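What Swiss-Prot lists as ATP binding site is A10, Y11, S12, G13, G14, L15, D16, T17, S18, G118. Annotated L-citrulline binding site per Swiss-Prot: Y88, S93, N124, R128, S177, S186, E262, Y274, in sequence order, evidence recorded as sequence analysis. According to Swiss-Prot, the feature L-aspartate binding site maps to T120, N124, D125, an assignment based on sequence analysis.
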Amino acid sequence: MLKGEKVVLAYSGGLDTSVIIPWLKENYECEIIAACINVGQGEELKYIKDKALASGASKVYIEDVKEEFVKDYIFPTLKAGAVYEGKYLLGTSMARPLIAKKLVEIAHKEGAKAIAHGATGKGNDQVRFEVSIHALDPSIKIIAPWRIWDLKSREDEIDYAKKKGIPIPATYEKIYSVDNNLWHVSHEGGDLEDPWNEPKSDLYDIITPPDKAPDKPEYVLIEFEKGIPVKVNGKALEPVKLIEELNAIAGRNGVGIADLVENRLVGMKSRGVYETPAGTLLYAAHKELEYLVLDKETMRFKDLVSQKYADLVYNGLWFSPLKAALDAFVEETQKNVTGVVRLKLYKGNVINAGVKSPYSLYNQEFVTFGKDEVYNQKDAEGFINLFGLSLKIKALMEMERKDMDEAVGR
């Protein structure tokens, strides 16, 4: 047991972790070190220290890692073009390994033998946290209350919190599970558990519903250097500010909503509604630039890498050797991903409105429908003959066999 020992709790101030503090003290008789890792949660962190102490924590860490989150987690994933199941831009998935890393650092600093988290036994986060923690320090014990305690639902948690006098943001009527960081806001649970239910218009936190967005389109310029966004509308911005600026621009135009029934790592399907305004713009712009500067074979292979990269991140394998190897490949592909992309935003839509790069592989002289001096169209005949030779031979052989069969009366 951990009686008298220190336990570091991944603390968010939400429903799950709010009830975990008194539960751990009651069941383990341990000292709770609450660790809130700031990946851009915003206003919800305002009173989090007082709340954690009032709930029974002996000490509270609040670590601002937004810049590290963008530079070392968001940008590598963006450069990889990783998207899970065609829609999910991995906002929660990317944040978990960074949070796990900081929890391990705090545990080492405090001499704690265990780390606790509030992820449920049905979800992906339990895997992401625990695999990441043990990749960094396999000796640390992990406590996952959701897999142990008698509280079987969020309603049970609300009752427990009221019993312990703990203020919580959730109610019986609004019991969405919300994850909020600089990159996205995710919504799960409640009426969203039925895929037939349309998300309510007041669900969204950072995006204007598309039907309520401005009636006039807005243009935005995004400049990249070696796959990394560096300027918005000609203005150089630090990574965190750049994400915040694009969140505002995309959000007011209704851009960045993804409603997805996804395949969880643990084997079941779940529904999530994601708000990723800046990410939606950056992925769109980055891809348009890659279309311009990458050769065909690299693009095709990178598409395969992007899918595998997304699976690794989603499944909690951020610190795996394979991901490190894929990072090396991705980095090589990004050497010429430099240029400017212009996007047109209108009521939830993102439309390419122009792209340019000093490393463009597009040559207008070769593709023009007008008169040109560089391409001899007669050359296409020989190419077509060789390109289709295998099919031509196959057809000839089939015709010969058919003639032979007819000759012998088959």
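Yeah, the Cβs are placed from backbone N, Cα and C, and that goes for glycine too.
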Legend entry - 10 Å Cα neighbourhood of T120 (L-aspartate binding site): matching binding-site residues from D16, Y88, S93, S177, E262, Y274: D16
Legend entry - Distance, D125 (L-aspartate binding site) to S93 (L-citrulline binding site) (CA atoms, angstrom): 8
Legend entry - Cβ neighbour count (within 10 Å, all chains shown) around E262 (L-citrulline binding site): 19
Inset, instruction - Could you list the residues of the same chain, at least six apart in sequence, whose Cβ is under 8 A from the Cβ of Y274 (L-citrulline binding site)? - result: K87, Y88, L89, G91, H184, V185, S186, H187, I257, A258, D259, L260
Inset, instruction - List only the single closest residue to S18 (ATP binding site), chosen from the binding-site residues D125, R128, E262 by CA-CA distance. - result: D125
Legend entry - Which of S18, T120, S186, the listed binding-site residues, has fewest other Cβ atoms within 10 Å: T120
Inset, instruction - Between the Cα atoms of A10 (ATP binding site) and D125 (L-aspartate binding site), find the distance and write it as a whole number of Å. - result: 12
Legend entry - Cα-proximity to S177 (L-citrulline binding site), 10 Å cut-off, over binding-site residues S12, G14, D125: G14
Legend entry - Integer Å distance between the CA atoms belonging to D125 (L-aspartate binding site) and G14 (ATP binding site): 15
Inset, instruction - With an 8 Å cut-off on Cβ-Cβ distance and a minimum sequence separation of at least 6, pull the same-chain contacts of R128 (L-citrulline binding site), or say none. - result: S93, R96, P97, A100, A119, N315, G316, W318
Inset, instruction - Determine, for the ATP site, the additional residues of the same chain whose CB lies within 8 Å of the mean position of the CB atoms of A10, Y11, S12, G13, G14, L15, D16, T17, S18, G118; present them in sequence order. - result: I20
